[in-house]
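Asker: Reproduced below are the annotations present in TrEMBL:
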DOMAIN    2-426  domain 'Amino acid transporter transmembrane'
TRANSMEM  33-58  transmembrane segment
TRANSMEM  79-102  transmembrane segment
TRANSMEM  151-170  transmembrane segment
TRANSMEM  190-209  transmembrane segment
TRANSMEM  230-253  transmembrane segment
TRANSMEM  273-290  transmembrane segment
TRANSMEM  346-364  transmembrane segment
TRANSMEM  370-392  transmembrane segment
TRANSMEM  413-436  transmembrane segment
Amino acid sequence: MSSSVQSGVLTLLHTACGAGVLAMPYAFRAFGLLAGGAILACCGASAMVGLVLQSHVAQYVPPRQASFFSLAQISNPELSVVFDCAIAVKCFGVGVSYLVVLGDLMPQLAGTVTAAPWLLDRNVQITFWTAAVIAPLCCMRHLHSLKYASMVAVAAVAYLGALVAARAAWPSPELERLRGPVSLGLPPGTSGGAMLSSFPIFVFAYTCHHNMFSIVNELRDNSLGACLRVVVAAIALAVALYATIGGAGYLTFGDHITGNIIAQYPPAPATTLGRAAIAVLVMLAFPLQCHPARASINHIWHYCVPSHTAAPSEASALIRGGSPPADAAEGPADEPAAVPLGPRRFAAITAALLIASYAVAVSVTSLARVLAVVGATGSTAISFILPGLFGYQLIGSESRADQLPPRTRFLRLLSLLLAAWGLVVMCAGLSAALLFDPTH
C-alpha cells in the first residue's frame, strides 16, 4: 500500500477541483478581473498553509496513522469526536450535492441522444450511475486505488479550462451578443453584499484538507519534503485551472455571467462534451468524499462503542493504512493507538453512506442553503481552524518555549494566524449563506 508523489498530487488536485469550478467565473463578477485574480491567489496561499501545517503535524503521530482523530487524541482528546462529526457531516453533504448535480446533468445529456421518458428521469439516472460507477469506486479501501479515476477527473477539468479559454479567445457572434461589461478593477456600483456572497466561492474552491492525511499515510516516501512537494504542486495547478476558467469565463460573459458557466454556452458539440466532462468529474469526486466520511464515522464508532479485542482480520486492516495496534503499543504511552477498520465495519459504513446519500439525493432537488451553512462551518474548520490549532499546539512541543528556533516560532505564529483567518472566513461564509441566495 503505497503511492507516488504524482499520485498524491492527482488525488489532492481532484479533491480540490470539484463541481464548484463552474461557479468560479461568477465569483469574478463582484470583484473584477484583477482583484478577483488576487483574491483567488491569496485563498490558494491560505489553503496551502493549512496543507503545509498538516504535513508538519503528521510527524507527531506514529508512522502512517495521521488523522484529525489521532492528532486530537494528543492535543484535545475530549473534542476528537466533535472534529470527526464535523468532517463526516461536511463530506456527506458535499457527496449528496454531487448526486443532485448528477441528477440535473445526466437527463440533459441523455436528451441529446434519446427521447425515451424513462431515460430522462433524474432518479433513474442517479440510480444507474450510483450503482454502475460510484458504488464500486467507494469500495476501494485506499485513495491511491483511485489514481486513474483522478487522472480522468483532472483531464475533465483541463478540458473545461481549454473550452472556456478557447471561447474567450475566439468568441462566436452569439457569444459576443451575450457579453456584458467587463471590469479590470472593482465593477462600478458593486455592493458589499455581492462581494460577501462571492467571497466563499474563492475560499472553498481549494477545500481538499480532509484527504491530506490519507495522502500522507499512503505516500511511499512520506517524509516532510515529499509531502510539501505534493502540496505545492497540487495547489499551484489548482490556482492555474481556477484562474483560467474564472478569468476566461468572466471575460466571455462579463457582468452577465451566472453561477453555472457551462449552462450559458449555446448548444454545440464541444459544449455537450463539456457537460459530459462535468458529469464525469462529479461522479468520480463522490468517492473522495466517501473516504474521509467513512474514516470519521469509524472514529466516532470507535469512540462511542466500548472496544473489544479485535479479530485478526480487523487488527490487520487499519484506517488510513496505519500500523497494527501492537506496533503502536511499542511507542510512547501517549501515542494514539490506530483505529481498526475491519472488513465488516468497512462494508457496513460504506453501504450506509451510499444508501443515505442516494435516499437524500432522489428526495430533494436542492440543498443549496443547507450545504452553504455546512460548508461555512465544516470546510472552514477542516481547512483552517483545525490545522491552525494542531500546528500551534504540536509544532515545537518537544522543546522548551524559550529554546524554539526561528523557523519553528514562525510556523507557530502562522498556525495562529491561520486559525484566526478561519474564524473570519466562517463568519463571512455563514453571513453569505444566511443572508443571500446560495444558488446565485
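Cβ atoms here come from the backbone N, Cα and C positions, even for glycine.
All TrEMBL annotations are machine predictions without curation.
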Asker: Suppose I define contact as three or more CB-CB distances under 8 A, residues 6 or more apart in sequence; do the transmembrane segment (33-58) and the transmembrane segment (230-253) meet it?
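Answerer: These two segments touch.
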Asker: May I ask for the residues of the chain that lie six or more residues beyond the transmembrane segment (370-392) and have a Cβ under 8 Å from a Cβ within it?
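Answerer: Hits for the transmembrane segment (370-392): 46-47, 49-51, 53-54, 56-57, 68, 71, 75-76, 83, 86-87, 89-90, 93-94, 96-97, 200, 203-204, 206-207, 209-210, 411-412, 414-423, 425-426, 428-430, 432-434, 438.
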Asker: Need a quick answer: max count of Cβ pairs under 8 Å to the transmembrane segment (346-364), which of 79-102, 230-253, 273-290, 413-436 is it?
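Answerer: Result: 79-102.
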Asker: Could you tell me whether the transmembrane segment (413-436) and the transmembrane segment (151-170) are in contact, taking contact to mean 3+ Cβ pairs under 8 Å with a sequence separation of 6 or more?
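Answerer: They are not in contact.
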Asker: Among 79-102, 190-209, 230-253, 273-290, which stretch has the highest count of C-beta pairs below 8 Å with the transmembrane segment (413-436)?
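Answerer: It is 190-209, which has the most Cβ pairs under 8 Å.
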Asker: Assess whether the transmembrane segment (190-209) lies in contact with the transmembrane segment (230-253), where contact requires at least three Cβ pairs under 8 Å among residues 6 or more apart in sequence.
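Answerer: Result for the transmembrane segment (190-209) with the transmembrane segment (230-253) is yes.
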Asker: When you scan the chain for residues with a C-beta under 8 Å from the transmembrane segment (230-253), skipping those not six or more beyond its ends, what do you find?
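Answerer: Distant contacts of the transmembrane segment (230-253): 5, 8-9, 12-13, 16-17, 21, 24-25, 27-29, 33, 36-37, 40-41, 44, 47-48, 51-52, 55, 157-158, 160-161, 164-165, 167-169, 171, 175, 178-180, 182, 205-206, 208, 212, 215, 219, 261, 264.
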